[in-house]
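What follows is a single structure, written as structure tokens, with notes after it.
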Amino acid sequence: MADETFKYVILGGGVAAGYAAREFVKQGLNPGELAIISKEAVAPYERPALSKAYLFPESPARLPGFHVCVGSGGERLLPDWYKEKGIELILSTEIVEADLPAKRLRSAHGKIYNYQTLIIATGSTVIKLSDFGVQGADAKNIFYLREIDDADQLVEAIKAKENGKVVVVGGGYIGLELGAALRINNFDVSMVYPEPWCMPRLFTPEIAAFYEGYYAQKGITIIKGTVAVGFTVDTNGEVKEVKLKDGRVLEADIVVVGVGARPLTSLFKGQIVEEKGGIKTDEFFKTSVPDVYAVGDVATFPLKLYNELRRVEHVDHSRKSAEQAVKAIKASEEGKAIEEYDYLPYFYSRSFDLSWQFYGDNVGDAVLFGDNSPDSATHKFGSYWIKDGKVVGAFLESGSPEENKAIAKVARIQPSVESSDLLLKEGISFASKV
């Protein structure tokens, strides 16, 4: 089995890989210089679709419809595009060893890939209940969602268990989005999470109260303050019941788990400097190892706006960090300088007919504005966060494109504000005037 050698290798085939490939082409790439090595069987695609439109009962999203870079309004990069540009897509290939000093990767089949420059874009893997030793956690019809294969298995179960009972374990992004998707598919949905309210890392209790109330109106049962501690299975090995720590037992035809993710960095342990659970980089996504860059979920990078190191798990950062790394690689080859990465944290979600966006930092005092009652006709409300007399973060539900741009601008500029009363009174119009 002959070695293969490339000038550039992107390890990982997710969102970041696709956006990096596009940036390489934009910057100037010769055929045969770049390879993308991915354990998935398909070309890079927009992962957020899996928890949303992929699960719709009518007109669901399917590949090739959501290959990168459609998620940011760009061109859709089909497998033929990579071929035309002379980019090697090495799919269904798992790398089991990375020798960074030797600039060499080895696949599970023993094949060696050599590189001059490596971009680590390995992303994250889901945290499983079996990681905590939960009894029965390997039963059939317990699902996690990370890759398209996971989504396909869930789609099959949705068809097989039509109108059945679903228990969603977890109250974060995945839990809320999948809870909504399964309710739209006419399942009886219960959500279980240990925290006192949903999305606790971002939402205030007041923001969460709206979504919990709205979900309840849609017929979703929300059970807070407890966790799944075991599962009952039938003779086919399929899950039948979820046992909760508080003693309750829930019937379940399907269980969907969204309890977090961890960055895939184990290949590089002991070879590279790590921090905050990720691979430490500079503002150009260079790591401590020459000619090795890390982007997306795995990178712990300097967040210039707040003068601190952070690791961000979000598609927006995956796209932008990938582009920044490629620009930096090309600039260093040409002896040029580029601007430092200056990222504004951004999160969003869509479920049912709701859609929210958040920009900035959710630290300091939160000021809720608008009507956050689940019964309101408009569902229009938001929140600002004030720290040291400045607005540092902004959240908006059901905003227009102009209003969403306005809250992003506020979070970037961080205007001074004398009192929270002004924000309370003006609401979204405060952001629109900045």
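Just so you know, the numbers here start at 1 and follow the chain as drawn.
Placement of Cβ uses the backbone N, Cα and C atoms for every residue, glycine included.
Here Swiss-Prot flags G13, G14, V15, A16, E40, R47, K52, I95, R146, E147, D297, V315, Y348 as FAD binding site, drawing on similarity to another entry. Swiss-Prot lists G171, G172, Y173, I174, G175, L176, E177, E195, R201, G260, E313, H314, Y348 with the feature NAD(+) binding site. The feature NADP(+) binding site is assigned by Swiss-Prot to Y173, I174, G175, L176, E177, R201, G260, E313, H314, Y348, with similarity to another entry given as support. The L-ascorbate binding site annotation in Swiss-Prot covers R319, R350, and the record cites similarity to another entry as its basis.
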- [ ] Provide, as an integer number of angstrom, the distance between the C-alpha atoms of E313 (NAD(+) binding site) and R319 (L-ascorbate binding site).
- [x] 11
- [ ] Would you please pick out, from the binding-site residues G13, G171, G175, G260, the one with the fewest other Cβ atoms within 10 Å of its Cβ?
- [x] G260
- [ ] Enter the number of other CB atoms within 10 angstroms of the CB of E177 (NAD(+) binding site).
- [x] 21
- [ ] Enter the number of other CB atoms within 10 angstroms of the CB of H314 (NADP(+) binding site).
- [x] 18
Open item on the list: Checking your reading of the structure: which of the binding-site residues G175, R201, R319 lie inside a 10 Å Cα sphere centred on V15 (FAD binding site)?
Closed with: R319
Open item on the list: Applying a 10 Å Cβ distance cut-off over all chains shown, what neighbour count does Y348 (FAD binding site) have?
Closed with: 15
Open item on the list: I'm trying to understand the geometry here, so how far is the Cα atom of G171 (NAD(+) binding site) from the Cα atom of G260 (NADP(+) binding site), in Å to the nearest whole number?
Closed with: 10
Task: Subset of binding-site residues (G13, E40, D297, R319, Y348, R350) lying within 10 A of G175 (NAD(+) binding site), CA to CA, in sequence order - done: none
TODO: Starting from each candidate's C-beta and looking 10 angstroms out, tell me which of the binding-site residues R146, R201, R319, R350 has the most other C-beta atoms.
DONE: R319
- [ ] Using DSSP reduced to three states, classify Y348 (FAD binding site) as helix, strand or coil.
- [x] strand
